[in-house]
């Protein structure tokens, strides 16, 4: 039961990105997405959450053209994903999928991060050029030093997303468990090929930020894929269906950039000047 042991360890050691105990709380403090426990109040709910209010490297952000810098030293994302066991989990404030040992790794700036889980937010947390999308997928990886790397994909309403189509029956079962009163249900998925989740990209954005839920720790390397993917409206509702009403819209508002640098990778040396705020000088 390695997958179940890993889930327990994750619940114990990581209150990140809504990996929280069963009642959507950390350190015994309930947090939410509106009202007295909403994002604007997170920093005042518990001393351990103070960074949510005073941190200067908070996430998510709105990635604006004028703030983007093309970095020719960045490399394409190197990800190695494999077959592994998986479990779908209702985390009260989001739907997540935990992976067993050996799920894969991502290498960012010569640092290795191991794939732990993925989860969805509806609507998207990050905005791209002022646009908020229908959903956002977070692939969560952790390094040996405890820091995190999250690879995020934005989704617009359109054609069905193939991986979610495969998970339809499991998501329906997760919803049925909630209706029975089990608000922290777990549904065994079995062995899956995590390579089916990976998507190649010719462009991405990178910046240093934080967890998007309490305690909002500022130890996350964010990679936002430049290509916006599609999922159907029905799939968006399917992701929301296992959650209580107060968590169906589970996106934290965008946070100030505070002078941070948002870098862009593009596999072409020539970058459209409309995409970036730093224009290259013409040669003499």
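Yeah, the Cβs are placed from backbone N, Cα and C, and that goes for glycine too.
Since this is a predicted model, take the numbers as computed values, not measurements.
Under the three-state DSSP scheme, residue 138 (Zn(2+) binding site) falls in the strand class. The feature Zn(2+) binding site is assigned by Swiss-Prot to 119, 121, 138.
DSSP assigns residue 212 (substrate binding site) to coil in the three-state reduction, placing it in neither a helix nor a strand. The substrate binding site annotation in Swiss-Prot covers 212, 213.
The feature compositional bias 'Polar residues' is assigned by Swiss-Prot to 244-253.
Feature annotation from Swiss-Prot assigns compositional bias 'Basic and acidic residues' to 260-278.
Among the features that Swiss-Prot reports, disulfide bond is placed at 52-216.
According to Swiss-Prot, the domain 'Alpha-carbonic anhydrase' annotation covers 29-266, on the basis of sequence analysis.
Taken from Swiss-Prot, the feature N-linked glycosylation site applies to 85 (among others), supported by experimental evidence. All protein chains shown were included, and the count of other CB atoms within 10 Å of the CB of residue 85 (N-linked glycosylation site) stands at 20. In the three-state DSSP reading, residue 85 (N-linked glycosylation site) counts as strand.
Around the Cβ of residue 112 (N-linked glycosylation site), a 10 Å sphere holds 14 further Cβ atoms from the protein chains shown. Swiss-Prot lists 112 (among others) with the feature N-linked glycosylation site.
Using a 10 Å radius centred on the Cβ of residue 182 (N-linked glycosylation site) and all shown protein chains, the other Cβ atoms total 13. Taken residue by residue with DSSP, residue 182 (N-linked glycosylation site) is part of neither helix nor strand, so it is coil. Marked as N-linked glycosylation site by Swiss-Prot on the basis of experimental evidence: 182 (among others).
Cβ contacts within 10 Å of residue 219 (N-linked glycosylation site), excluding its own Cβ and spanning all protein chains shown: 16. Feature annotation from Swiss-Prot assigns N-linked glycosylation site to 219 (among others); the stated evidence is experimental evidence.
Positions annotated as N-linked glycosylation site by Swiss-Prot: 249 (among others). Taking the Cβ of residue 249 (N-linked glycosylation site) as centre and 10 Å as the limit, one finds 13 other Cβ atoms among all the protein chains shown.
The annotation region 'Disordered' is assigned in Swiss-Prot to 244-284.
Here Swiss-Prot flags 1-24 as signal peptide.
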- Query: In the compositional bias 'Polar residues' (244-253), how many residues does DSSP put in helix, strand and coil?
  - Reply: 3 helix, 0 strand, 7 coil
- Residues of the parent chain within Cβ reach of the compositional bias 'Polar residues' (244-253), under 8 Å, 6 or more residues beyond its termini: 18, 24, 32-34, 39, 59-60, 92-94, 121-125, 132, 136, 178, 183, 212-213
- Query: Distance between residue 121 (Zn(2+) binding site) and residue 85 (N-linked glycosylation site) at the Cα atoms, whole Å?
  - Reply: 23
- Item | Chain-internal residues near residue 216 (disulfide bond), provided their CB is under 8 angstroms and they sit 6+ positions away | 42, 43, 49, 51, 52, 55, 58, 210
- residue 219 (N-linked glycosylation site) falls, by three-state DSSP, under coil
- Item | Distance, residue 213 (substrate binding site) to residue 85 (N-linked glycosylation site) (CA atoms, angstrom) | 26
